[in-house]
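Straight from Swiss-Prot, the features:
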ACT_SITE  His311  active site
ACT_SITE  His356  active site
BINDING   Asp153, Asn155, Asp157, Lys159, Glu164  Ca(2+) 1 binding site
BINDING   Asp189, Ser191, Thr193, Ser195, Glu200  Ca(2+) 2 binding site
BINDING   Asn312, Glu341, Asp343, Glu390  Ca(2+) 3 binding site
BINDING   Lys438, Lys440, Ser522, Arg549  substrate binding site
BINDING   Ile651, Asp653, Asn677  Ca(2+) 4 binding site
BINDING   Asp706, Tyr707, Asp708  Ca(2+) 5 binding site
DOMAIN    296-440  domain 'PI-PLC X-box'
MOD_RES   Thr457  phosphothreonine
MOD_RES   Ser460  phosphoserine
REGION    30-57  region 'Substrate binding'
Amino acid sequence: MDSGRDFLTLHGLQDDEDLQALLKGSQLLKVKSSSWRRERFYKLQEDCKTIWQESRKVMRTPESQLFSIEDIQEVRMGHRTEGLEKFARDVPEDRCFSIVFKDQRNTLDLIAPSPADAQHWVLGLHKIIHHSGSMDQRQKLQHWIHSCLRKADKNKDNKMSFKELQNFLKELNIQVDDSYARKIFRECDHSQTDSLEDEEIEAFYKMLTQRVEIDRTFAEAAGSGETLSVDQLVTFLQHQQREEAAGPALALSLIERYEPSETAKAQRQMTKDGFLMYLLSADGSAFSLAHRRVYQDMGQPLSHYLVSSSHNTYLLEDQLAGPSSTEAYIRALCKGCRCLELDCWDGPNQEPIIYHGYTFTSKILFCDVLRAIRDYAFKASPYPVILSLENHCTLEQQRVMARHLHAILGPMLLNRPLDGVTNSLPSPEQLKGKILLKGKKLGGLLPPGGEGGPEATVVSDEDEAAEMEDEAVRSRVQHKPKEDKLRLAQELSDMVIYCKSVHFGGFSSPGTPGQAFYEMASFSENRALRLLQESGNGFVRHNVGHLSRIYPAGWRTDSSNYSPVEMWNGGCQIVALNFQTPGPEMDVYQGRFQDNGACGYVLKPAFLRDPNGTFNPRALAQGPWWARKRLNIRVISGQQLPKVNKNKNSIVDPKVTVEIHGVSRDVASRQTAVITNNGFNPWWDTEFAFEVVVPDLALIRFLVEDYDASSKNDFIGQSTIPLNSLKQGYRHVHLMSKNGDQHPSATLFVKISLQD
């Protein structure tokens, strides 16, 4: 039952010095402010999955003193968070480290007694995170179940009494009536000692993890045999999985990759265990493995791509009084975001600051944000990052901004047009590793050659902070001075190359040329929706050659989001959402940008790139986009669904909703029945049929909720997949958490077919 020892042995880490130090534990200084440093004991638990932290809170619970390795986003050495940068400058960097979590919770800033202790923690955690990520689905399942067994073994005798068995089933999120639990217990208790140990626990584990639906699927493919031959596997891949590359080569590679039995592998066969390993793997996922890498043409103009974009990136919470943080930029970049917003204002000591103007959100230094962007811009993707500047600074502080941009970003910053690219927007491929500024600019694309002098007066049209239309909102923000003119420093203007901010003056027409290719307008969600309603095709055609940025309405002071789908349907590229706010809008957003290797750029369909096209998302007619498909999805079962209530006795009642997002004609939703008291292996076996007419714009969202008859259902997990990335056949859908991180073991088992 020692899952930790199994983990260390599996990865050859049983004698690792760093991990032994973590298992022993150590006293560390926890830092919260300049006046709050407290010594606390931290220790890696034996399961190698959780960290125990000493707490002196009066209302502490055992659960509150633990955090999971799976919740860690990153471990940073030195003064590399706002907390340590502000409050631990007196301590050498080699003793400082930070644990950054995936969700919105605070970073854990720590000081070790010595550089060696800090190294043990940083290297040890890196090793566990790396090796946990490399575990296959079966290993994760085993590790998780063994961890639950260890928790249930209250007296730590490596045996399981009937009472401990009941606790174990609750840990697994399954409610079994006592008579059935007693029946399983007796079947496995071969020694008749009224407790399970060693092989008896293994027998119980096998009985628990047996999946009837996998047995049935395997029997369909193997007939009466105990294994699949290469020919049988090829037939399954062709007829059920609809794999384009189905053939002996693919079958043999799957056997080599997933078959655990060396005997079967040598005989070029796949056992049921190997079959399950394949179905749980990336090859058996409902999301196309080929689309997990960059596969699209990256050589087209920027305006031909959807761009993952964040609104008011600096905010961690609401738009009126929440905190601003450099961590928000890091989180967005790590999620593949390629367009960030910087709302710049004059700060004290001649240092520009970033915050949501006219509100009470906290303030951060412009230079600190640039350093965070420099360090993280290209960790998740090599393709260009666009910094959307909302500039409210005086000339003097604009020049400080320009100096910081030059000094901190250096050669990353694009500060002149690319050679030979002066008539159209460059491509993501041409701009790899580059950071572009979007903002006000004096003159045209090329340097003005002295025209206009060192500064000029231009109209500021993107003052989103002043767009607080609602009276209730206006009463809660600071008074906006009456000023609609901005004096722009030449030094800052010259750094804006291909993304010059302009007022939208209407679509181009004969005799009215409209915007230059390097000029772009921003639209509130409401204005964009009006343009789509009044001139859908005009907006689509405008977006073939020009970038358009969409941002949330001013009344969304709670940082809520609008649906990005309608904007994408109109060809809008920079559809900015509040990344800090989880919900269905961000689920769909993350699903769209999971495509093309999650690089932050997704090529628009051909009909949204045609300057003479006739597509209108609000008045759908026949055209090259019309490709009627019949989509059948059978939701068969769920696996290891997480608890939503921290109450240990609470078991989920899961239901699944399958949603279609796309053009209005394709939008649809279907629901399964509710399965009571079973989050471990619920069974639905329910089929849904959908008709989709514009598949290139459709996304499929699988939503799993805990049903509640008296209030709103609780979110359990979801996965959103572009229809063009959806694989056919028997597949596992790997569920994501509320914050967009993948659950380690939670899946749906489905069968998918897509026909013309």
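Any Cβ shown, glycine's included, is placed from N, Cα and C.
These numbers come from a predicted model, not from an experiment.
Feature annotations (Swiss-Prot) mapped to structure.
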| residue | record | DSSP class |
| --- | --- | --- |
| Asn155 | Ca(2+) 1 binding site | coil |
| Ser191 | Ca(2+) 2 binding site | coil |
| Glu200 | Ca(2+) 2 binding site | helix |
| His311 | active site | coil |
| Asp343 | Ca(2+) 3 binding site | strand |
| Ile651 | Ca(2+) 4 binding site | coil |
| Asn677 | Ca(2+) 4 binding site | coil |
| Tyr707 | Ca(2+) 5 binding site | coil |
10 Å Cβ neighbour count around Asp706 (Ca(2+) 5 binding site)? 21
Based on Cα coordinates, which of the following recorded positions are within 10 Å of Asn312 (Ca(2+) 3 binding site): Asp153, Asn155, Glu164, Asp189, His356? His356
Between Lys159 (Ca(2+) 1 binding site) and His311 (active site), what is the CA-CA distance rounded to a whole number of Å? 54
Within 10 angstroms of Glu341 (Ca(2+) 3 binding site), Cα basis - recorded positions out of His311, Lys440, Asp653: His311
How would DSSP class Lys440 (substrate binding site) in three states? coil
Cα-Cα, whole number of Å: Asn155 (Ca(2+) 1 binding site) versus Ser195 (Ca(2+) 2 binding site)? 13
DSSP three-state call for Ser522 (substrate binding site): helix, strand or coil? strand
Comparing local Cβ density (other Cβ atoms within 10 Å) for the binding-site residues Asn155, Ser195, Asn312 points to Asn312
CA-CA within 10 A of Asp343 (Ca(2+) 3 binding site), subset of recorded positions Glu164, Asp189, His356, Asn677 in residue order, equals His356
Using the structure shown, find which entry in Ser191, Asn677 (the binding-site residues) has the sparsest Cβ neighbourhood within 10 Å. Ser191
DSSP, reduced to three states, assigns Glu164 (Ca(2+) 1 binding site) to helix
By Cα-Cα distance, the member of recorded positions His311, Glu390, Lys438, Tyr707 nearest Glu200 (Ca(2+) 2 binding site): Tyr707
Apart from the site residues Asp153, Asn155, Asp157, Lys159, Glu164, the 8 Å Cβ neighbourhood of the Ca(2+) 1 centroid comprises Ala152, Lys154, Lys156, Asn158, Met160, Ser161, Ser195
I'd like to know which of these recorded positions, Lys159, His311, His356, Lys438, is least surrounded, judged by other CB atoms within 10 A. Lys159
